[in-house]
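Step one of this worksheet: look at the structure below.
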Amino acid sequence: APASAGLLPPSAREAPVRRPQTDRQRLALPSGSGAHAQAGGAGGPSASVSVLVGAPKANTTQPDIVEGGAVYRCGWPATQCRQIPFDNTNNRKIKVNGTREPIEFKTSQWFGATVKAHKEKVVACAPLYHWRTLKDSPEKDPVGTCYVAIQNFSAYAEYSPCRNSNADPEGQGFCQAGFSLDFYKNGDLIVGGPGSFYWQGQVITASIADIIANYSFKDILRKLAREKQTGVAPPSYDDNYMGKLCSVSIKLVAGVPRGAQNFGYVSIINSSDLTFIQNFTGEQMASYFGYTVAVSDVNNDGLDDILVGAPLFMEREFESKPKEVGQVYLYLQESAFLFRDAQILTGTEVFGRFGSAITHLGDLNQDGYNDIAIGAPFAGEDRRGKVLIYNGYSNGLKTNPSQVLNGAWASQSMPSGFGFTLRGDSDVDKNDYPDLIVGAFGAGKAVVYRARPVVTVNAQLILNPTIVNPDNKTCQLPGSQLLVACFTVRVCAEFEGQSISDEIVLKGELQLDSLKQKGAVKRTLFFDYHQSHHYFSIVMERQKQLHCQDFLVYLRVTILA
């Protein structure tokens, strides 16, 4: 299943001018990799960059495992993607009444449903991995498991924090660890398990170094001494689904889409002891507020801001015909844990699931503020899916998207889901500009959009003299004895930009007497061309240096009868 790539151009502004460029590339995934691809991140050593793509329904060479899932590493520039050998083994087995039976079940485990990279650490999870908690019972529990790779994929370890021998039905049997995944900024791992404790959900944190040091293929129930977990809450918190998460400096944010009596809420959690600091609650029941959470310093004031998706939000303009359009909430942090009232972005397409995915992009248009991508995976023509780009500014996000990326695959047996997963702020092509990775699970594809360099041009127009006397006729028209009044139009420009050539060519157009109605006689013409408009080019050889070009203009002579 090949994966295509395109451009993520920055938005244009009136002044200075920012000119986007176009580009398109492709990633090539092996055929038969499954119909559910998810965007991962850039990983590998600093000298090279890879794009990691999860394919949770892929078949691999694991014996007796059907659709166990896989993670592919796609080199850049675009090359053939290769499977990462996180796990090549069959199900572990035990003897039960003299017969060897599996104690774990990797078929349809959805390995690759979540993929995250932090520097040279890569973690991928299988939230539907099942475990036989009691050896003498055939029942199996979806505890979930994750695999860690370090040192450029030279060492691997498994981490399944909910796997145990405790058959307590109120415990972690339905944990689904790895349903969501992130890293603290120091590299420690954060795992979400939405099914623990009768679907109350929980958050688990651990050090990658501890996972590697304590891993044993045989002693798979070994617990980490410094592992931290949120515990069980009163029964009123059942079916809350806490587990969607992302890190905020030394704190973390967890979404609870069915909490607060199904209004949903998001919690800020202290990383040191996993205690709850602050909540944000949704405004509409069953909107799935907290299904997605993201963090970005949108207004670049040094404080992390929080974005929350509610993809099932219904717009009730007419109570008899509510429209499910989805919403995204932005909470700007003004001081430590003091947030403004939410800025709300609302989807425009019914059942588009706007807000299903949110990612921090970085500063695409180089205006000093961070930009955001929001997925609407079932929007657009034939439900092809869309990703909407919103530019940041001093007071949040601009209300209209600067760009809309459209999926290329029409709905077949299932929608392509373009925009269901997003990964931003990864410089895939090493040009010092952030790129975007988009997953399209129904099409089995991942798309890389590359941001190209932004050129900022400051231009000015200078007239000499500024006031023209029509009786002061000092210029002689070529090929005649006719004298005309004339003046000089000087165009000056300078440019700057990051990771761009020292020489660029500025192309422009000059229009004289532009306020005249179309078809009216122009009063001024270019001296050399006898036209009222002229296309020109200026070769600019150095950044932040003024380059100028002069054009002689004359007043048209009116001959009275």
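Glycine too: its Cβ is placed from the backbone N, Cα and C atoms.
Taken from TrEMBL as is:
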COMPBIAS  1-12  compositional bias 'Low complexity'
REGION    1-47  region 'Disordered'
COMPBIAS  15-26  compositional bias 'Basic and acidic residues'
COMPBIAS  30-47  compositional bias 'Low complexity'
REPEAT    97-158  repeat 'FG-GAP'
REPEAT    163-215  repeat 'FG-GAP'
REPEAT    275-340  repeat 'FG-GAP'
REPEAT    341-399  repeat 'FG-GAP'
REPEAT    403-466  repeat 'FG-GAP'
DOMAIN    451-556  domain 'Integrin alpha first immunoglubulin-like'
Could you tell me how many residues in the repeat 'FG-GAP' (275-340) are helical, how many are strand and how many are coil under DSSP?
0 helix, 31 strand, 35 coil
Write out how many residues of the repeat 'FG-GAP' (97-158) are helix, how many strand and how many coil, based on DSSP.
0 helix, 31 strand, 31 coil
Across the whole of the repeat 'FG-GAP' (403-466), what does the mean pLDDT come to? Round it, please.
91
DSSP-assigned states of the repeat 'FG-GAP' (403-466) in counts, ordered helix, strand, coil
0 helix, 35 strand, 29 coil
